[in-house]
Amino acid sequence: MVNTGMQLISFTCAVTGWIMAIAVTALPQWKVSAFIGNNILTSEMKWEGIWMNCIYQTTGHMQCKTYDSMLALPPDIQAARALMCLAIFMGWLSCTVSCCGMKCTTCAGDDRRAKAGIALAGGILFILTGLCVLIPVSWTANTVIQDFYNPNVPTMHKRELGQAIYLGWAAAVILMISGAVLSSTCPLMERGGRYRRGYIGRSFANSPAPDPIKPIASNSVPLQEYV
C-alpha cells in the first residue's frame, strides 16, 4: 500500500512538472529588461522568449511579435526551442508509459515483472524530460548573466533573468525527483527470480516460523488391531 501511494504521489508531481514545462515553453519572460544606468525607462518593459518578443507597458497594454526568421536567432534560443519541444513530447510519453506500469492500473495484466519494467522506464523518461528542460533554461541563464557583466554590451541591450527561467528550474527539479522516486518504487529482484519488495502484497522473509507439529501420544487414541 505504501508503494502504491508513493507511485501516485510521484506520478502526480511529475505531471505537474510537465505542465510547468509547457508553461515555460509558451511564456515570453525568459529575458526581461534590466533597469540600470542613468537613463531608466520605467514606462515599459521588454520581454524576450524563445518564440516571441513582447513589450509590456505600465498602463497594462502589451504588444507581442513573433520572430521573423528562425535561422537568424542566437544559438541558445534555437537550442531552447528544440529541447523544450522534445521535453514536451517526452513528458507526454512518460505519462503514458508510467500509467501502464502503475500498480493501480490493469495494464499488462497480472505480470508483475512486466509492470515493474514499464514503471521503471516511465521514471527514467521523466528524468530525461527534466534534463531536457534544465539544459536550455540553464544555458539561457548563463548567457544572460555573461551579457549583463560584459562591459562591451550596451546598457540598453542588457537583460535580466525572467520568471520563466525560475519556473523552468522548478519544473526540471520536480520532474527529475519524481522520476527518481517513481523508479525506486519498482521491486528489486533477488537470485532465483523472487521479488524482495514491491508488487507482492506481503513479504514473508521476516515472519516467524510455524510451530512444529507435535506427534500424537499413543495413550490418547486407542489402538485397533486388524486381522
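Cβ atoms here come from the backbone N, Cα and C positions, even for glycine.
If you check TrEMBL, you get these features:
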- 7-27: transmembrane segment (TRANSMEM)
- 79-104: transmembrane segment (TRANSMEM)
- 116-139: transmembrane segment (TRANSMEM)
- 164-189: transmembrane segment (TRANSMEM)
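Most Cβ pairs under 8 Å to the transmembrane segment (164-189), among the stretches 7-27, 79-104, 116-139, belong to 116-139.
Listed by sequence, the residues of this chain that lie at least six past the ends of the transmembrane segment (116-139) yet keep a Cβ under 8 A from its Cβ atoms are 7, 10, 14, 17-18, 21, 24, 50, 76, 79-80, 83-84, 86-87, 90-91, 93-95, 97-102, 107-108, 164-165, 168-169, 171-176, 178-187, 198-199.
Below 8 angstroms of C-beta separation, residues 49-51, 84-85, 87-88, 91-92, 94-95, 98-99, 102-104, 119, 123, 126, 129-130, 133, 137, 162-164, 167-168, 170-175, 177-179, 181-182, 185 of the same chain, each at least six residues beyond the ends of the transmembrane segment (7-27), sit close to that stretch.
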